[in-house]
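Asks: Below is one structure. I have some questions about it.
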6 protein chains.
Amino acid sequence: MSKHWLQEPEWSWNHPVENQPTFVHHWVQQLKNIKQTPDMILYGAPISRSSISVSGASLYPSEFRRAWKGFATYNLDENVDLTDYLIADAGDVAMHMTDIPLSHQRIQDATTYLAKHYSSTTTCMIGGDHSTTACAVRGLKEAFLNETIGILQLDTHLDVRDPKELGPANGTPIRQLIDGNVVKGENIINIGLHGYFNAKPLIDYANLHNIQMVTLNQARKRGLINILQEALEQLSAKVDRIYVTVDMDVLDISVAPGVPASTPGGMTSVELFDSLLEIGKHPSVQHVDFVCLDPSKDSVVAETVKTGVYAWLQFVTGRVLQLK
Amino acid sequence: MSKHWLQEPEWSWNHPVENQPTFVHHWVQQLKNIKQTPDMILYGAPISRSSISVSGASLYPSEFRRAWKGFATYNLDENVDLTDYLIADAGDVAMHMTDIPLSHQRIQDATTYLAKHYSSTTTCMIGGDHSTTACAVRGLKEAFLNETIGILQLDTHLDVRDPKELGPANGTPIRQLIDGNVVKGENIINIGLHGYFNAKPLIDYANLHNIQMVTLNQARKRGLINILQEALEQLSAKVDRIYVTVDMDVLDISVAPGVPASTPGGMTSVELFDSLLEIGKHPSVQHVDFVCLDPSKDSVVAETVKTGVYAWLQFVTGRVLQLK
Amino acid sequence: MSKHWLQEPEWSWNHPVENQPTFVHHWVQQLKNIKQTPDMILYGAPISRSSISVSGASLYPSEFRRAWKGFATYNLDENVDLTDYLIADAGDVAMHMTDIPLSHQRIQDATTYLAKHYSSTTTCMIGGDHSTTACAVRGLKEAFLNETIGILQLDTHLDVRDPKELGPANGTPIRQLIDGNVVKGENIINIGLHGYFNAKPLIDYANLHNIQMVTLNQARKRGLINILQEALEQLSAKVDRIYVTVDMDVLDISVAPGVPASTPGGMTSVELFDSLLEIGKHPSVQHVDFVCLDPSKDSVVAETVKTGVYAWLQFVTGRVLQLK
Amino acid sequence: MSKHWLQEPEWSWNHPVENQPTFVHHWVQQLKNIKQTPDMILYGAPISRSSISVSGASLYPSEFRRAWKGFATYNLDENVDLTDYLIADAGDVAMHMTDIPLSHQRIQDATTYLAKHYSSTTTCMIGGDHSTTACAVRGLKEAFLNETIGILQLDTHLDVRDPKELGPANGTPIRQLIDGNVVKGENIINIGLHGYFNAKPLIDYANLHNIQMVTLNQARKRGLINILQEALEQLSAKVDRIYVTVDMDVLDISVAPGVPASTPGGMTSVELFDSLLEIGKHPSVQHVDFVCLDPSKDSVVAETVKTGVYAWLQFVTGRVLQLK
Amino acid sequence: MSKHWLQEPEWSWNHPVENQPTFVHHWVQQLKNIKQTPDMILYGAPISRSSISVSGASLYPSEFRRAWKGFATYNLDENVDLTDYLIADAGDVAMHMTDIPLSHQRIQDATTYLAKHYSSTTTCMIGGDHSTTACAVRGLKEAFLNETIGILQLDTHLDVRDPKELGPANGTPIRQLIDGNVVKGENIINIGLHGYFNAKPLIDYANLHNIQMVTLNQARKRGLINILQEALEQLSAKVDRIYVTVDMDVLDISVAPGVPASTPGGMTSVELFDSLLEIGKHPSVQHVDFVCLDPSKDSVVAETVKTGVYAWLQFVTGRVLQLK
Amino acid sequence: MSKHWLQEPEWSWNHPVENQPTFVHHWVQQLKNIKQTPDMILYGAPISRSSISVSGASLYPSEFRRAWKGFATYNLDENVDLTDYLIADAGDVAMHMTDIPLSHQRIQDATTYLAKHYSSTTTCMIGGDHSTTACAVRGLKEAFLNETIGILQLDTHLDVRDPKELGPANGTPIRQLIDGNVVKGENIINIGLHGYFNAKPLIDYANLHNIQMVTLNQARKRGLINILQEALEQLSAKVDRIYVTVDMDVLDISVAPGVPASTPGGMTSVELFDSLLEIGKHPSVQHVDFVCLDPSKDSVVAETVKTGVYAWLQFVTGRVLQLK
């Protein structure tokens, strides 16, 4: 195995020779097969044994690619053809079967490798559980040592539980990054918190470290898009690059049964789609991940997986609009 | 079998002799049993083997009638008693087991028959997949040769794939009608398009033929009811009769798991209900269909079937209000 | 068994000795274990064989308590720590296996007992089907003979079917109370009615008895919170205490598959959560129940049960805010 | 309503005029429509609010009739054409919505009525939960006062819980009949008991009253058909008529997910089918019931309902063979 | 598209370069990639719009290949290593979206092509519904004009419904072949019939044409393996080549929820596995198909698909044993 | 936390004061509450993040205890009252959230602790995935250093994958024990292997180390009980104590959907129940575990969990019979 730990997925779509890529599965190409610098690199981080609750989020990268077939490469709402935007699939980081720290290190190394070799390319990591975000951000820090990183987090949870107690579990990534001096709390903005899903000591920690928290209620009252624009402006004024992490549990449980920690009262899918379009448009955003989606909990219609692909395409559409 | 191909459903509700029809299953009557001209005729077109993806929409007419029992004949929001409105159930068009063109011809013939014999009656076809709409509209054209027909389509898709390639599949009805000179593209308005569910060549076709496309985003920004009113006014100024086709895949996948092609980001059920009330109120609308609902994909609570019945009753309520 | 019929649940959470109660299952205490007067008393009324349709709502009190583990004792939207508010769990009313009138009498007796012994404490009954509401209100009337009781009902249905015909079924509680002179129709406000789910004769009954009906459509147009504030103000001007009954079938079927009578077009969970926060804030509200939630109809993610706990916590948050 | 409480089902199959009845739904006729004395009378007892655990067995009579469509009127294993055997459907006993004793009395009265008017006809009651068996047997006792009734029970449970404690619940019918001097314990044979599903005091009661218990293990070792033949011979030597009650929970949970009390280790469907063929052949058997099947717990393929129809048809095939 | 209509599947497993093929997905190779004559050729016939009831059997070829990953290339019961047996995957026959006769013709043509070019190779067709069997056998007849073909059919149904009435539906293949003089009724043996799933006129047709019918009951009494050996011996004495068709609805509904027409009382999976091992061993058997398995009806554990792969591997093991 | 790592479960059944323990949940007692030496000690090892495939087997100990309520303390087949047999529940081993080696060490330590303090008591570990077996056996070896341990394994798999490659995953426990010189291969007997679920290199390893393999086919031909008796006799002649490990994936997928690795062709539940009765009777068996049951994959009827409890009770019944 190569030292960057990225390996080909177990299966691939067979591309027709002559057709125009009118659907996503014929449009995205394997990184090894392209010669230009891609606009975006996708890579999977298929681990979920680091999840606190039982999770099959490790299955998402494969199901994410399978669901591409149902999506065209044209955004009708924005009248944007995506096919000129070059997306390369770098495959999945090779996970160890039981050694969680080793697997996490590989995600970090793979991210550093991609960031160094494709420094102007947008990266998109497909989790896996939320522990992968800490690895990816550490990997970027290693690649861009002198840069300040800010995080925009869409999440129902703060994810600042104590890694000293839990180890590098999916409830801890933000605290790992703060306690590890990788990202400052004041450079983190969490949008989507609501309800009764963060214990008091976690809120105290967040306040202590000046994490900015915008609850979903507040965002709805002031306009979710406004809030996002302000957040991105504020971060881009302070940091060198913005990492966006989308914990799919920010979605309401009725639209995201396939996310173990989704709750009632969360975002609608339309709110998430609008958010990602806006985020994709912002030039300071260079990295995104989508985590915690467990395809095995979906019903036979694969509703959450489809929502995950749609959300990602909204980000891509934003990127295309930003380039214009 | 009679030459209009309409046959009694396999089962019927047993009507109590003395009771007032306070519920739908006691209110709708068999066409053969009534003597006055009905206000509305229902008929089923139970075919879905013409569907591109696997679909049990052929089962919907029967399940639609079964679900009536859960609905009262009174609209509480509008304070309207529906029972004076006379609805006749003409049964289902007899489908051949494997001969798709023959089955389609029968739907066309049955529609012509009903249109000629009950020319002032609103018709409501319960699909079946969306291929049935092409049959019904051709049948109406045959009945009203000198009239111009306009179509208002609520749909996530354009349904203008090429019948030369696919045959008369459920992705093709609108193109069948345009290419067959039955309806002009400029007399078709599609409301509900969104996301990544129409390939570029289809959008090109729609533009070439001047199909009016209002995306769901646009409709929400400008007000869905406003958009509908404008669309109906515009059509009624140009055409002699308006055919409304409701592809239930216009609904969001979270409220319509029982529609094979429903997607995230679609209409809410309340948006659909409001739309059908508005549509029902318009005097130029004389024909409606509801297609692509596959009851076998519903969970045990039959959520999509109930939504389908509710949507139809909103149209009926609109009709009653229009008569007043 | 004691004469108030309240008995310990079949199982209990084991409380850690030293920890702060940062989660609900460690916060709520058994009534028998506390010495102060609690702020709220919870009790279960686990009966659903009085339900017209098949219902497992009798299973809800146990599942309600099981789901506590997923909820923190801090409301992030309002920045309110709930742990100072003292909630006592009085257990469940002992139900007879087949004698419905006897079971109903016990619910009434248990309610009277609690109301007399904890007259300043908010009571919260967890049903059970909606027949339990009639018992609880009769029990309160017995405890507060000289007081006038008003009812705020969140419900898709009027629940005024005739007990002479059906017996004390879950479709009849409001009519039981009116016909039994326990509550006057003019002191009942129903918010959440919509669609085709109340037969004409029931609406006639409601009008005859001056039940105030606000449909969901009307509430949305005028603002649901405004409507609630007006309703509570109006009731508090007329009655001595307000009983709030939340039939969970007021929720849309897409967010409440675990309620046998939920329908398309109902409340969103956010609307319900906002409502219960508002209701909890009002000082005249002293009693609440949550009924008709059947956990056995939920999918494996227990979406409706989680929604039920969240709704209850919103009411609790309202209570805490009202105390401040 | 007539005093025998039997009423037409809510819906009926529409019979084709000319066809031979090659399928069950065209073969069984409404009792009111036939003039000869039928060979068998079917009637439904749609109650399950008397069930200890939550049960939708009240829905079975309707679903049983719906599933007929999938079954031909020819038994291929025995090469027997069933169509000469005349089966009349007497409809369902009208149940009260909440008055369990009244509903039970009506089942008893309906059974008496049928037994008196069609004394030579085999009766087949479709439950409902197992409480209905006590009603039916009491009804037969009333019709045939001077006769001794024996019971062959296929069941995982003894169903001798104490009605003094539970009322007439579905765990009590056999004890109701013994304590009420309707059937003697020594004239009851239970086949199918196994595992850990009968508490010690119930086994003590059964032994005290000389109920014969043959566990499934014993039956398998000695041959289930042998055991059945011996049981029927023994009973027919002692009693005037044999009532067979089939609690569908005798089936293994893997083949009967739609029976709330089915367990691992129960009968296979083939064992049940062989048993009912054998039982049907015996001339002393004149009454049978099938109880405790809850269609709402089946998956979308309706496996338990289909098994229930098949089991009933095996009994019918036995009857036809017995007549030859 | 080539004139034999075989095309690469939409996706492929990525084969590791160095590893031994210890699992099926690394063992089976694409036909285009191998140079020797394969021992077996697989091809998919993904059509199910010719099915009488709604069926997604068209999805099976793809899911069949996906499930390979869970199966090793070693049969532990027989201690047989399968890896020396060369299996080539020829891909799927290209289906038209709505033209059923054209699709059927292509299956026939593809079969003829394979039979002519690989005349000594065992062919294995993966359906699709049972209509595909008629196509395949006609294709073989065209390739081997002077040979007599016999059919061994494992099926709950005779599949001799009248194509004049239904067209070439999945209930008709055997009759198509008899009426079309492709196979004589006396050269067809059906094993697995049972219950009430074949109407009288079909049994009359089978008897008229001397189809040999062995019910599952008879087979169990005389030994299923004995029956199979006799059947294969009898056929091999009369015909030049034996075609085996396995309608997966021969399985019991409890082990095959993913087959639309499976019934209670059918084969256990072990009976099917033993049968296919025996069949595979017989040298006169040169063609097999597996039809009517609808993966979309499986639960999340994919039980029927796994059973389908296992059954196929048993046939392969038989082949390997026969070669030794 | 104590150094043996055993902690009280999160919840407990509330025991009635006066009743006889006629059901399991009132019979099993907390270890801390009893003074005599118990006959059996239960303890949970709730870990499944060491599972190769996604598994929720960590949830089983809690669900196992919840399902007790449905089981009586009397075995009807053997007429054995279990209540004199004293079972103590020692709670669950405290698992770390992400540190798999630490969690495994704690299971080992807890087992050593129990074995040393209750050396004559039968221990029963409830997994968790199969990696826990290696921990438990190592723990016993530590407690009984001079004793030879033999293993009887009921399993579809050999579980001898290489821990050097996978770490201590659930596919490796037997190899961990052999390579670690804890148990000799010749003292291990695996019963239940079948099909295509063990790759060739694993079979080679097993043969090299003289693991005795009895396939399910062989066991059925020679009599499963005979095979078990021979195996136990053979082991008891060679070793000092026998550890029995029951990987629930030995069951057929149709009866065990709640085991991630269950397959078609596996044991029936009756075969498993008979086996555990026989195993329980043998005096040399002193330790048993039940692993790999994932309750979250069960349907709403909890079929696999019920099967797991039943299997455990069969072992207990065997113990009671052995004592007599």
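Placed from the backbone N, Cα and C atoms, the Cβ positions cover glycine too.
Copied straight from TrEMBL:
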type	residues	note
BINDING	D:H130, D:D155, D:H157, D:D159, D:D247, D:D249	Mn(2+) binding site
Asks: Work through the binding-site residues one by one (D:H130, D:H157) and point out the residue whose CB has the fewest other CB atoms within 10 angstroms.
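Replies: Comparing Cβ neighbour counts within 10 Å for the binding-site residues D:H130, D:H157 gives D:H157.
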Asks: Indicate whether D:D249 (Mn(2+) binding site) is helix, strand or coil by DSSP.
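Replies: Reduced to three states, the DSSP call for D:D249 (Mn(2+) binding site) is helix.
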Asks: Provide the number of Cβ atoms within 10 Å of the Cβ of D:D247 (Mn(2+) binding site), excluding the reference atom itself.
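Replies: I count 28 other Cβ atoms within 10 Å of it.
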Asks: Starting from the Cβ centroid of D:H130, D:D155, D:H157, D:D159, D:D247, D:D249, the recorded Mn(2+) site, name every other residue in that chain with its Cβ within 8 Å, sequence order please.
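Replies: Checked against the 8 Å cutoff, the neighbours are D:Q153, D:T156, D:L158, D:N170, D:G171, D:T245, D:V250, D:A261, D:V291, D:C292.
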Asks: Let me spell it out: for each of the binding-site residues (D:D155, D:D159), count the other Cβ atoms within 10 Å of that residue's Cβ, using every protein chain shown. Which one has the most?
Replies: D:D159
Asks: Just how many other Cβ atoms lie inside 10 Å of the Cβ on D:D249 (Mn(2+) binding site)?
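Replies: Excluding its own Cβ, D:D249 (Mn(2+) binding site) sees 27 Cβ atoms within 10 Å.
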